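In what follows, a single structure is set out as C-alpha cells and then discussed.
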Amino acid sequence: MAPNIRKSHPLLKTINNSLIDLPTPSNISAWWNFGSLLAVCLITQILTGLLLAMHYTADTTLAFSSVAYTCRNVQYGWLLHNLHANGASFFFICIFLHIGRGLYYGSYLYKETWNTGVVLLLTLMATAFVGYVLPWGQMSFWGATVITNLFSAIPYIGQTLVEWAWGGFSVDNPTLTRFFALHFLLPFMIAGITIIHLMFLHESGSNNPLGISSNADKIPFHPYYSIKDILGLTIMLTPLLTLTLFSPNLLGDPENFTPANPLVTPPHIKPEWYFLFAYAILRSIPNKLGGVLALAASVLILLLIPFLHKSKQRAMTFRPLSQTLFWLLVANLLILTWVGSQPVEHPFIIIGQMASLSYFTILLILFPLIGALENKMLNL
C-alpha cells in the first residue's frame, strides 16, 4: 500500500501531527477554543496591519494625516483600520480568557507551556502599546510619554535608558519611527514564540476539565475539534464584525482624534481598556519606583503561579472554595479595570489601593492557603 503523503512528507507530517491526527482529550470544553482563536486573531492582525502599513507614514508631520487618508481615500481603508483596532481588543479578550482557563483548570502545571505563554502576553502588550502610538493623536503621544517615562524610575541608568528609547530628549520623530519598526517586527516574534508554545504543549498533550490524565481516552483533533474551533471562530467573529461595523470607536479614546500636541496635556491620560487593570495598580502606589515595580509584578506574578499550587487536585472543578476565590479575583480585576479609567480623586484612589492589595493577596496568599485547607478537609 502506498504511504499516505500526509503522514510521510517532512512538512505535511508536522502539520498532520499538530492539527489533524493530534490525540486530544475527548472531554475538553469550549474553554479550550481560545488557543485557536488567538491564532486567528494574530493572522488577522498581521494581514490587516500589513495592508495598513502600506499606506502609513512614520513621520510626526504626516502620521495623523496618513491614518485619516487611509480611512477616507483607500479602498476599504476604514474597514482595515477599524478591524485592526478592534481586533486588538478581541485579541486581549481571548488571551485573558485563555489565561483564566489556565488558572482555573491548573494548566499552569505544564510549566514550559505556561512560561512561554507569559512571554507571549508580555510581547503582545508591548506590541499593542507601540501600535497605539502610531496614529500620533493626543492620547498616542501622551500615553507614549507617560509609559516610557516610567523607565526613568530605574535607579542610576533610568534617565539614560529613557532618552535612549526616545532617541532624544522627548517623544518625537525618532520615537515614532522606532515604534513603527517595533510594531512591524513584534507580531512576527509572537508568531515564532507561538510555535514554541505549541511545541511545548504537544510534548505533554492538552489538560482537560477534570484535571486528570486523559491517556485512556483520546480522539483525533480533526474532525472533532477542527469543527468545534470553527464554531468558536464564528461566535467570535460575530461580535468583532458587529463592533467594527456599527460602533468602531466605542473602545477608543475621543482624545485620539486630535493630532498630538506636546504643549497641551489631555485632562485624563489613560491607556486602552486592556491595560487599565495594570494602570490602576501602577497609580495606586504613591511612589514612582514602587508603582513601576507593582506594575511589572501585576503581570510577572503569573510566573509564580505554578509554584503556589498547593492542592493535591489539579483543576478547580471539584474545589468550591478555590472556585469562589477565583471568581473573586475576576471581580477584583473588573474593579481594577474600572478604577483605571477614572480620574485620580477621592473615592477612586482608595478603591484602587484596596483592589490592588486584594489582587496580590488573593494570588500570593489566599490561593495556596485555600489549596492546603481543601487538602486537609478532604483528608488528602
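Just so it is clear, glycine is given a Cβ too, placed from its N, Cα and C backbone atoms.
Over in Swiss-Prot, the protein carries these features:
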type	residues	note
TRANSMEM	34-54	transmembrane segment
TRANSMEM	78-99	transmembrane segment
BINDING	HIS84, HIS183	heme b b562 binding site
BINDING	HIS98, HIS197	heme b b566 binding site
TRANSMEM	114-134	transmembrane segment
TRANSMEM	179-199	transmembrane segment
BINDING	HIS202	ubiquinone binding site
TRANSMEM	227-247	transmembrane segment
TRANSMEM	289-309	transmembrane segment
TRANSMEM	321-341	transmembrane segment
TRANSMEM	348-368	transmembrane segment
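If you look at the transmembrane segment (321-341), the same-chain residues 6 or more away from its ends with a CB under 8 A from one of its CBs are 100, 103-104, 270-271, 273, 275-281, 283, 311, 348, 351-352, 355-356, 358-359, 362-363, 366-367, 370-371, 373-374. The secondary structure of HIS98 (heme b b566 binding site), as reduced to three states from DSSP, is helical. Taking Cβ pairs closer than 8 Å, the transmembrane segment (348-368) reaches residues 280-281, 283-285, 294, 297-298, 301, 304-305, 308-310, 322, 325, 328-329, 332-333, 335-336, 339-340, 342 in its own chain, all 6 or more past its ends. Around HIS183 (heme b b562 binding site), the C-beta neighbours below 8 angstroms that are at least 6 residues distant in the chain are GLY49, THR127, VAL130, GLY131, LEU134. Just going by CB pairs under 8 A, the stretch in 78-99, 114-134, 179-199, 289-309 that sits most against the transmembrane segment (34-54) is 78-99. Sequence-distant contacts of the transmembrane segment (179-199) (same chain, at least 6 residues past either end, Cβ-Cβ under 8 Å): 18, 38-39, 42, 45-46, 49, 53, 56, 58, 113, 116-117, 119-120, 123-124, 126-127, 130-131, 133-134, 144. The Cβ of HIS84 (heme b b562 binding site) lies under 8 Å from the Cβ of GLN45, THR48, GLY49, LEU52, each of which sits 6+ residues away along the same chain. Within its own chain, the transmembrane segment (114-134) has Cβ neighbours under 8 Å at 56, 58, 63, 67, 88, 91-92, 95, 98-99, 102, 107-108, 140-141, 143-144, 147, 175-176, 179-180, 182-183, 186-187, 189-190, 193-194, 196-197, 200, 271-272, 274-275, 299-300, 302-303, 305-306, counting only residues six or more beyond its boundaries. Sequence-distant neighbours of the residue listed as 'ubiquinone binding site' (same chain, 6+ apart, CB under 8 A from its CB) are ASN17, SER18, LEU22.
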